[in-house]
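Visitor: When I checked TrEMBL for this same protein, it listed these features:
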| type | residues | note |
| --- | --- | --- |
| BINDING | A:THR160, A:LYS186, A:THR197, A:GLU284, A:ASN407, A:SER412 | substrate binding site |
| ACT_SITE | A:THR197 | active site, nucleophile |
There are 2 protein chains.
Amino acid sequence: MAGKDLPVSPLALPLPEMPPVAGVRLGSGRAEIRYKAREDVTMMVFPAGTSVAGVFTKNKCPGAPIDWCRAALKGGKARALVVTAGNSNVFTGKAGRQTCSDTAKAMAELAGCKPNEVFLASTGVIGEKLPTEKLVAALPPLFGKLDDNGWAGAASAIMTTDTFPKGATRTAQIGDTTVTVSGIAKGSGMIAPDMATMLCFLATDAKVPAAALQAILAKGSQKSFNCVTVDSDTSTSDTVLLFATGSAKHKRVPAEGGPVLKDFTRAVHEVLMDLALMVARDGEGAQKLIRIDVTGAVSNKSAHRIAMCIANSPLVKTAIAGEDANWGRIVMAVGKAGEPADRDLLSVGIGGTWMAREGGVVPGYDETPVIAHMKGREVEIAVDLALGRGKATAWTCDLTHGYIDINGAYRS
Amino acid sequence: MAGKDLPVSPLALPLPEMPPVAGVRLGSGRAEIRYKAREDVTMMVFPAGTSVAGVFTKNKCPGAPIDWCRAALKGGKARALVVTAGNSNVFTGKAGRQTCSDTAKAMAELAGCKPNEVFLASTGVIGEKLPTEKLVAALPPLFGKLDDNGWAGAASAIMTTDTFPKGATRTAQIGDTTVTVSGIAKGSGMIAPDMATMLCFLATDAKVPAAALQAILAKGSQKSFNCVTVDSDTSTSDTVLLFATGSAKHKRVPAEGGPVLKDFTRAVHEVLMDLALMVARDGEGAQKLIRIDVTGAVSNKSAHRIAMCIANSPLVKTAIAGEDANWGRIVMAVGKAGEPADRDLLSVGIGGTWMAREGGVVPGYDETPVIAHMKGREVEIAVDLALGRGKATAWTCDLTHGYIDINGAYRS
């Protein structure tokens, strides 16, 4: 089940150079919670004054760390983050809550802050008690070796069934000052909207009030992670956190944000989108990345639902795995979404070739260029409903034997 | 893609002895629409006075035969049914509509009735024009050889990726008279609620007014086919039709039905349930039949949504394929449904063993009996929410390499 046992996704991208983010000290180490031969605990420490924003799973059975973060987020301040891989601390009852408070207390003592300024996230098996003492014992040695350059190690230490580490970075201007926005993510299965990744952590040296930060993160997550699905299954642990250390010296940002954050917002959204697409690229068993563009819907929301319905259709995803230009299944998925659609106006295309137009196959339709497109690593599906101006894009991967292999024996 | 090329499902049941239904003459033959080496067209002919009820897909891009049947159903009378396998006549535009009217007209001439007393259904590839002339030419020879005993042949001739023919029969008392209710179904993939089969045809010799017949069929479909899912994909062609020839001599049934139809209703619902479970047993790639009982929900509707959400979860279905008692994935699926659920009250069991109770693993939980249960062909999942009295049951099959094999190369 550890990523190292699986072949690397053919869609993998190399981890970019991850520069330091002023104010962020981080590192990773071993707690041997489940994995014995790799790093499984990650720590970030932030200076006083760091603001934080968060977006969490909408699953109604969230893990204990989700409850912890939701409560801590009310303060809007963060001084540390502790992430574990291998055990999600979900459905662990009172013991799970105790693990969170014990971990936060131990981390707070090291960082010299309050427990509710410590953020927690865990990913892995559900329903097994997390060995708190091992985790707490691993914190002091890890704290002792933190530095500015731990991003690559952290990107690896948070992985579970991921086959490659995921990171992205951008710079942005706030007034005349250049700030950095960097992020890492993990996620490969149990990936669906609300949220589409299990864990994603961003940090910036910008000084942005928590309310403005939250608005930027929420909108960016909606446009990125919530448009990506691997298997329609919504994790109990999905977490995106954005920490702003305020170490950069730029003009003051008002509480409500505003135009001064325009470029910063762009950078955050680009990092989120990069990471979300890496999650789709590392979808369990993925051989192809699929982009679905829906246009002509009655609204953007309707277009989003249709795009996600296509992205979640096992029949569409297996057809693409088989490089079969079976556009009938796309028609089926459009109809299944339950959104306004008129069969006789519908058009469907793959790879820039319209196969069906206005309710029927295009006269003289030649499948050759479509088949050639489908043999590639990236497949583009276009659907036009010809009803209105609503549009949306979703991303997913194909459904292959690899998904069955990985998930039929996850715990074995 | 023809069922004969696939190994028979290990969950297959033998076709029961299908006795004649008074008034129904039926048979099957070859039109070579797509399959060249098997029967692919099925015909039933009914006497004057036959009433009909129908339930159809809620997919917004339905096939031309669905539109045809919805219009014909308004008359409440039926004299014939023509079913083709191999081409679904979906997304075929004006040509598809013409195929329907040409077929109905040809059939009506043979049967001596009006075209709108002819019902049509097609299953198979989407988006390819159905060769009407081949179909129409096949009708007269088939009409010439109809008899009372064609049920088994018909059950085979309507199959596509099915690996075994599906039929069920019951008798019922209306007053002092015994009537017969028989049905056949096909369906294996693109199976999801609203409706959960592609095609299902029932006939009875009872004399039941169309309105009462429709009420019985609608309720029975809700409790059977709409509780079964294979892959969450809703077909564009799902059809259930129930024909009542009125050949039996029993006391008059009032238009609104009522107590006199109690036993008849039971028989219809039992036939529907038998057939729905056969569809799950023949789910593409199925190795195990899965039953999911949800209790303690806030309402029956909420329980149904949760049960179907578990039944549609790829992670739950792959875990069962791998005989992995990964109850954490069941917790995830409960939470993903979005229905009221309290993690700390939730209980999850498999095969009669409660694994998790009130938000945590059962103390001293021994996985042995659960693993033994999961090695069998039928797996039972129980979820109790401890919130109310709502309950529901859903059925599905596991998600295996077979599903990928079948659907990655359906058209090849």
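Keep in mind that glycine also has a Cβ here, set from the backbone N, Cα and C atoms.
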Visitor: Chain B proximity: which binding-site residues among A:THR160, A:LYS186, A:GLU284, A:ASN407 have CB distances under 8 Å? Answer 'none' if there are none.
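Guide: Out of A:THR160, A:LYS186, A:GLU284, A:ASN407, A:ASN407 lie under 8 Å of chain B.
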Visitor: Taking DSSP three-state, what's A:ASN407 (substrate binding site) in: helix, strand or coil?
Guide: helix
Visitor: With H, G and I counted as helix, E and B as strand and the rest as coil, say where DSSP puts A:LYS186 (substrate binding site).
Guide: strand
Visitor: Per residue, counting other C-beta atoms within 10 angstroms of the C-beta, which of the binding-site residues A:THR160, A:ASN407 reaches the highest number?
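Guide: Ranked by Cβ atoms within 10 Å, first place goes to A:ASN407.
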